[in-house]
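According to TrEMBL, the protein has these features:
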COILED    448-581  coiled coil
COMPBIAS  289-316  compositional bias 'Basic and acidic residues'
DOMAIN    70-175  domain 'Serine aminopeptidase S33'
DOMAIN    445-565  domain 'Autophagy-related protein 16'
REGION    268-316  region 'Disordered'
REPEAT    618-659  repeat 'WD'
REPEAT    660-701  repeat 'WD'
REPEAT    702-744  repeat 'WD'
REPEAT    753-785  repeat 'WD'
REPEAT    786-821  repeat 'WD'
REPEAT    874-906  repeat 'WD'
Amino acid sequence: MGGVTSSVAAKLAFFPPSPPSYEVVTEPESGVVRLSRYHHRENVEVLRLPTRRGTEIVALYVRNPMAAFTVLYSHGNAADLGQMYELFLELSIHLRVNLLGYDYSGYGQSSGKPTEQNTYADIETAYKCLIENYGAKEEEIILYGQSVGSGPTVDLAARLPHLRAIMLHSPILSGLRVMYPVKRTYWFDIYKNIDKISLVNCPVLVIHGTSDEVVDFSHGKKLWELCNEKYEPLWLKGGKHCDLELFPEYLKHVKKFISTVEKSPSQRSTWRKSAEQFEPPRQSTDCFEPSRKSIDRREKSRQSTEKSRSKDQRTTNVENLEKIKISFDQMEKSRRSLDCFEKSRKNIDQLDRGRKIKPVVIKKQLCLHFLPINRRFGRRTGRGTSIDSMPPDPLICSSSEEIGTAAIKRAIRALRKRHLLEEGAHAPAINALSRPLVAQGLEWKEKAENLELELQQCYKAHTRLSEQLVVEIAECRKSKALVQEKEESINNLQNDISLAREENLQIKQDLDEKTKALDLLMSENQSLKAQLEEIRLKLKKTETENKDLIDRWMLEKMNSAEKLNEVNAMYEDMMQQLKVSSIEQLARQQVDGIVRQREAGYVDHAESTVPSSCKHTIHAHEGGCGSILFQHNSDKLISGGQDRTVKIWDTKSGTLSSTLHGCLGSLLDLAITHDNRFIIAASSSNNLYVWETSSGRVRHTLTGHTDKVCAVDASKVSSRNLLSAAYDHTMKVWDLVKGYCTNTIIFQSNCNSLSYTMDGLTFCSGHVDGNLRIWDSRMGKVVGEVAAHSQAVTSIYVSQSGNLLLTSGRDNLHNLFDLRTLEICGTFRANGNRVASNWSRSCISPDEKCVTAGSSDGSIYIWSRLNNNMLSILEGHSSPVLSCAYGGPGNTLASADKNGNLCIWC
């Protein structure tokens, strides 16, 4: 409606019945939905259909088993389905069509408000229901629009190119033209049928009353003139807006229209031409029209179920028709006799007319007869005078006249006598002929009236039988469906019985086997009980021995404590002496070096060089390689991947040395003890796996985490301590010798990476919240915390000196911290460098001169630690680089990517 609001349009254009004439009722027993005013019928369905504009409309579908078409009926204003219910049933029966009627939004029990756009959405929903739910095709649908319903009907027909036909009942040109006869269309007008009717490409029937007081007759006439495919319209003289269905011509014309559109387009060309040359449309002058023969092939009566009765009636009708035919033959013969009689009457009349003329003629003949011969023949005299010219003799003439008169009178008397004789002779014949004709006429009239009454009764019986047939067909279909359902249930039950029998046999077999197994178990149980008694006796002996050992161990502990106290006293004395001698720093370095060499072995790293080329490219793992590291003081490279294996490689030759199996999940991180004795892997299976390097066997499977373990590290000074972090918000400290957890630390933000410091007393962790935390490994408490990155920390690496700490984050920055002060001493970034995952590992070269990190573009970036400048970008991977590591005597660089490839650089 353009700028006019929908509320104003609804008040001016739509008048839904208030209150509605019906309610939608669902029967509790059968679940059938029906209208409250009417009982349930087998061929009637009540539907609730949601529209694309969020409303829900109520629709009524009437099924006819003899139907070839489906009518989509859009009713007029101030009406709903409760008022149209009986009309829909009558139209479905008489027109032999399926019919779907619906209430617009806001009408009846349909939700929403009545607007122009809502009515368009309502008819589209009803049309889709016919297509999807009832299998109707576009070519089998006829649209019917009454009054305001012509608006959505024409709108939908203009968008359906293959529609069968459209019927417009008291249609409107537009909403504004109903109130005032404007000559042009305005933007705020609604239902602009005058502009849309030319887009309809199917046959159009227009029905309108000449005395319509709501929508003027000119609306229907103008729409018919604008149609592309015109059909003979129906102008009902005296018809008003709401009474056109009461005229007999209405139903006859609609039947004729439906039977015409049933033909193919080539057969319809004749009435199209006649419609183009159509003379002024006929108007009904009365309420009755003589019955005419229908051209609808399906107008013939259907076969009734009462075959015997219809057959008797048909035989009686044929005999009556034969009698009427014979009677008509007799009437024809009588009519011919009357024609002969009439001819004889005409001859007598001619004789009467001849009576008046013949006396003069006879007189002349008699005069001529009695004239002398010399006067009858014209003889000339000598003076040139003929006898005929001589004057007649008076005597002769008078006598001749008398003679002629007498002769005439005698002839007249003879003719009268003859006429009386003939009239008397024909009178009985005439009476005899007229009496049977009158009697037969009365008899035929009574027979015609009786036959007409019988015909009306036949029509009524035909209507009843049609309704019964619809009900019987519906019940038959329901019975067939029920029989099929029962047969299926019987088959299912038979299958269930057979399956139950098989299961029963199987259960019997299982029972026998379990009975035998139970006997064996009972015998085994007896033997186990005997063994249990022996073990209990041994346990008692062992407990007594254990007590003795504890007592002895306590004595040894007391002795060790005394010796430790003596050592502490000696250490304090030495520290006092070192302070006095002013060489405290030198002594500390020497003692520290002695302890370090004793526990971990002294490592002297050569100066590293910036690699430039790939020495070896190895496809190490299927699905990706997540972590790599070097053995201490060795060229051996350890890798773990998505294929649940740990592999050890020789970096000099690029060959595989050994493979460690036993992991049940993808490997996310690796660690190795400082003495290269154990290799530890963190797995997505929530466990940690510990292998012996020498034998390749699994030494421990450390369980305790409830989510995937994403980070692990071993102490730099002890082969006993191990640290792990998982996505269950916990970090755990493990004893590798005993294989169990010694401490659990709980925190708020999940940890992605962790690392022990060089002294083994503290460790560092990087978290998803971007913070770096320093922990006391003995107490399990935070001793320092700093915001390292704006996003999650992905990697933590402690340098060989233990003074520097490198972190990487998802903000694509690599920060270098001084562990002594927790201050940033360098930040490394590059335009193309992008961190690939939450567990991407970066590293520092052993001489602490280079910072190396992988990128998601497959490149490796190397920066100078001293001036933060880019030294080199290595390219050799085709997928994101996940891990980098330095190791070996020559400070070899290795890298691993997401495709499972390893690159050894030189």
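Any Cβ shown, glycine's included, is placed from N, Cα and C.
It should be emphasised that the depicted structure is a prediction, and the values quoted were computed from it without experimental measurement.
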Summary of DSSP states over the domain 'Serine aminopeptidase S33' (70-175), given as helix, strand and coil counts: 48 helix, 21 strand, 37 coil
Beyond the flanks of the repeat 'WD' (702-744) by at least 6 residues, Cβ under 8 Å: 596, 599-600, 665, 668-675, 677-678, 680-690, 750-760, 763, 765, 775, 777, 780, 838-839
Composition by DSSP (helix, strand, coil) of residues within the repeat 'WD' (786-821): 0 helix, 19 strand, 17 coil
Confidence summary for the repeat 'WD' (660-701), mean pLDDT rounded: 94
DSSP residue counts for the repeat 'WD' (660-701), split into helix, strand and coil: 0 helix, 22 strand, 20 coil
